[in-house]
Amino acid sequence: LPILRWLPRYSRAWLPLDLLAGLAVGLTAVPQALAYAELAGLPLQYGLYSSFMGCFVYCLLGTAKDVTLGPTAIMSLLVSSYAFHQPVYAVLLAFLSGCIQLAMGLLRLGFLLDFISCPVIKGFTSAASITISFNQIKNILGLQGIPRQFFLQVYETLRRIGETRAGDAVLGLTCLAALAGLRAMKSRLPQAAPAEPLAVRISYLIVWVSATARNALVVLFAGLVAYSFQVMGSQPFRLTGSIPQGLPPLRPPRFSLAAPNGTIPFQSMVQDMGIGLAVVPLMGLLETIAIAKAFASQNGYRIDPDQELLALGVANVLGSFVSSYPITGSFGRSAVNAQSGVCTPAGGLVTGALVLLSLAYLTSLFYYIPKAALAAVIISAVVPMFDAGIFLTLWRVKKLDLLPLCVTFLLCFWEMQYGIVAGVLLSGILLLYSIARPPIEVSEGAVLLVQPGSSLHFPAVEHLRGSVCSRALAAASPPRSVILDCCHISSIDYTAVLGLAELLQELRRHGLSLAFCGLKDPVLQVLLAADLEGFQHFPTWEEAALCRGAEPGGSRAEPFTSTAEST
């Protein structure tokens, strides 16, 4: 267990830093949990139910000291699409996603995430940032009955903007401004030196705590304002409402759902969730591992990606027994954790305990939290996810990568799953095209030198044959021989071997010979085992050229033939 690596050497000096980090993350996690449950279309208590189990599990199984698990904006958006605002579906989705993640970790299938390219990820997160932000505009303006489909949402919001509630709009915009100001303050806050006077260091600590716990402070301020209006007999805000008090019951997820026209069985629920059973666990894994790698690189330690898959899978499976919806790594809360000086994953124990205390004793106070304040918390969290610079960067670096980026970005406004699937497929097509059409350099002369730029696999062998034959056979004065420089070929498959055998025969029919040079050992062994008729190879192309008589009067190198080497 990863905990056994750091617990025996746990230092007393680490304890206050872990406690401080756990409290700072907890003060961020509680208001975000309420906001993300609203985004997921679930009762608000489910955000809190989803916020503590990951803290405890990751302390035992996680390999990154900075990462915190819990509900996030992107995962909540996906849950809203695949759980149909039904807690039973959301909890079952957490269980099934955890099982898939656990299986991937045990089978060491984390490499599959490498096939989701950076343009696809950036396109998805940028579109999600816009979608989530606009989804919360209705709460900022105090509008009700707005559809959740993005384009209908935009149309209805603009059509009904005249129905805006002044109280919600003023409070929501004030909260947004306060959150933006506190974020900017924290980014520009200089480090207080130990030699500074005590008053300066205390002032620094107050400002740092205020900026770090800005979500909790803004929600507390908004709740006090709403409570003051309630006492005065008026309420200009839409409130969160009652949240059941107490810890969630410990029970397995339900595998069927009672409906007015009968019971929905497990198979039908799985069919309803459809592609979500692939999208949700994969995006959860991707988000967690990306965050873990980022903070590990920043703080100089290593992580085990397969162990991270196991930790996330166990957290989701066990979380489903306490009514959690799918969770993943949170970049915002992990950043708070790192900036607070956390030393070990033990800081998560404090965060989890703070969430449990909130469930046990504070839920009655959440009644007065305005929805506009929670919407401001969500918008503040997701706006930094929009990366406008990636479009210009890809235009400068590689324009072709703009294709999966734009396809993913645009289709995600229709349906998230369509954008992700289309982006991954398009990236795969571009990858396969580069394999099927590798760059081939051809130098003409008495000897035709052909140099493929990458490994030779079956999609590329016809391209190679066509390039060689078109240059060797169509020339006005055909070369006497062809040399295939294989210095860049590190692997080859059986179909490619058959293609090379056919190329040898075709050139021989036209009176040309084909020699190989620069073969790496694995490739050479494959070609020798195939025992190609007329196969000859040389260490370098210069020796091959001398042997084929490219330089008259030059000494000839003795070729290695298949019959001489096959034994």
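Keep in mind that glycine also has a Cβ here, set from the backbone N, Cα and C atoms.
The transmembrane segment annotation in TrEMBL covers 20-39, 46-64, 84-107, 205-229, 275-297, 309-328, 349-369, 375-395, 402-433. The domain 'STAS' annotation in TrEMBL covers 447-532.
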Would you say the transmembrane segment (84-107) and the transmembrane segment (309-328) are in contact under the rule of three or more C-beta pairs closer than 8 Å, pairs 6 or more apart in sequence? yes
Same-chain residues at least 6 beyond the ends of the transmembrane segment (205-229) with CB under 8 Å of its CB atoms are 24, 27-28, 30-32, 34, 171, 175, 178-179, 182-183, 185-186, 189, 192, 235-237, 239, 336, 339-340, 365-366, 368-370, 372-374, 376-377, 380
Determine which recorded stretch among 46-64, 349-369, 375-395 has the most C-beta pairs below 8 angstroms with the transmembrane segment (275-297). 46-64
In the domain 'STAS' (447-532), averaged pLDDT is 87
Based on Cβ pairs under 8 Å, which of the stretches 20-39, 349-369, 402-433 lies most in contact with the transmembrane segment (375-395)? 20-39
Below 8 angstroms Cβ to Cβ, which residues of this chain, lying six or more residues outside the transmembrane segment (349-369), approach it? 18-19, 21-23, 25-27, 29-31, 33-34, 44-45, 48-49, 51-56, 59, 68, 219, 222-224, 226-227, 230, 239-248
Residues outside the transmembrane segment (84-107) whose C-beta sits under 8 Å from one of its C-beta atoms, at least 6 past its ends, are 40-43, 46, 50, 253-255, 257, 269-270, 272-273, 276-278, 280-281, 284-285, 306-310, 312-320, 323-327
Which residues of the chain, 6 or more past the ends of the transmembrane segment (20-39), have a CB below 8 A from one of its CBs? 45-48, 50-51, 68, 70-73, 75-77, 80, 132, 135-136, 139, 209, 212-213, 215-216, 218-219, 240, 330, 332-333, 336-337, 340-342, 346-351, 353-355, 358, 366, 369, 371, 374-375, 377-378, 381
